[in-house]
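Feature annotation from TrEMBL assigns transmembrane segment to B:12-30, B:37-58, B:64-83, B:103-125, B:131-150, B:157-175, B:181-203.
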Amino acid sequence: MSALGVAGGVLQAVVIVGGAPLLLGLMRQVRARLEGRAGPGVGQPWRDLRKLVRKQSISPRGTTEVFRVAPVLLVAMTLVVAVVAPLVTTASAVPPVADLFVVVALLAHATVVIALAGLDSGTAFGGMGASREVTVLALVEPTALVAIFALSVPTGSTSLPTIVGTALDDPQRLISPASLLAAVALAAVIVAETGRLPVDNPSTHLELTMIHEAMVLEYAGPDLALVELGSAMRLSVYLGLFTSLFVPWGIATTASPLALALGVVALAVKVGVVGAGLAALEVFLAKLRLFRVPELLAGSFLLALLAVTTAYVLG
Amino acid sequence: MEPVVMSPPAAALLDVAAGALLLTAVLVVWRRDLPTILRIFTAHGLALGALVGVLAWAQRSVELGLVTIGVLAVRGGLLPWLLRRALAGAGPARREVRPVVNVTASLLAVAALVLLAFSVSVPLVELGESPATRAVPVAVAVVLIGLLVLVTRRHTVSQLVGFLLVDNGITAAGFLTTSGIGLVVEVGVALDVLLAVLVLQVLAGRIRDTFGDVDLGELRELRDR
């Protein structure tokens, strides 16, 4: 546990929790402007959260503890990833947890917890949403593992800080075919896992098409605020990991205040640009039929697999 | 033939061009709507041109440089243009509606084919270890993916794309293994391919005139009787 890692861990937690709703606001604002609407402003998700927290906490009759602890677990698991992953600095606060497999497992586990809560609510929509979410998750998780694994092949380590650190030392590795293929595969994973178009429509409340929204339909008040915050944090963590793996420049390698400040600014700018680009792209996309989603995810899994094999063949 | 000595940046660029070649070939299988497939195919031709260009730069060969210009013009410009014309003349069908094997299964087949290509070309790579020969498995994989597209798609334009993928793969393998097969040979091959595409385009037009469709699945009835 180094000073750099601890400083990075604290900073990352603050930046992700504080910045995730702003990122969501930015993406909605970009989308609104491109569709010719004025948009509610970047701060709207924070105002929504404030409103929700002040409301009374209620839970549906017949639900168990699973329903009540799920939002807390979602935020907690995402927060652990936000603390240990190399986002602002190349060092990690808890190096053994910053492993590729642990990070992907934590992120997937958060989804499973929310799916369980959806089942626990006992409503038709909760069960349907959980079933769909788990279907997507089952196809996405191997892709995420294999795609990041392709990046770890030249490094010889599955530790994320090591992968990012060596990429920073040897930028030529980032334009290798393996990295190119893994980037496309991981982008599809992020789109599917965070419930963006074309897999899920984040702004819909049309019951028959929604995936993520259907699971959390029964939440209200502070619990809903936690679920919304957790989802926003997941999006930021995924985009942050993506930028750290493929565009690592600006990330802090020393514990000096200047380097850390630069790391925070670089993370905010990179994630903001990628998020805005994603939102702009979504304007031109229609949602895929649910039965076509496996086609998209099979394609991304194939790209991830090719990334690993080319990493071995082309070196 | 002595292996070509390459500078590290040239080797990295060659790897990227090979990766783009593989990525675009996979995307052709992945997508269904034909205008997008043709755009991806254009990118595939440009990636092939880039591959030859990097080889020309690494060997400082003027002849290969001329071949690069030819490859870019024919495979990145002329052939995609001809395919777009064939698509415009092929009636209202703009999508590969029902391929013989569904897309998910063909993607898995692509994964198997690529692994097969990588494993069978190990002896080829061992003949002369250099950045160029290490990219040969990718070219072999592109040939196999092209064959898959050729046998599993029904629309004439997708079949043409499959045929041209096979040819692009063979060309890439030729350049990667022999470091240039001579200007005359390359021009001859390019003209051959061009002629084949023109003939197939006319054939597709005749099929549509006769049957009002370009779905080759319909042709089965002819063979049975």
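Cβ coordinates are placed from backbone N, Cα and C, and glycine is handled just like the others.
Automatic prediction, not curation, is the source of TrEMBL annotations.
Taking pairs at least six residues apart, the transmembrane segment (B:181-203) and the transmembrane segment (B:64-83) share three or more Cβ pairs below 8 Å and count as touching.
Contact between the transmembrane segment (B:157-175) and the transmembrane segment (B:103-125) does not hold: fewer than three of their C-beta pairs are under 8 Å, each pair 6 or more apart in sequence.
Under the criterion of 3 or more C-beta pairs below 8 Å, with sequence separation of 6 or more, the transmembrane segment (B:12-30) and the transmembrane segment (B:131-150) qualify as touching. Only residues 6 or more beyond the boundaries of the transmembrane segment (B:103-125), in the same chain, are considered here, and those with a CB under 8 A from a CB of the stretch are 22, 26, 29-30, 32, 133-134, 136-138, 140-141, 143-145, 148, 152, 177.
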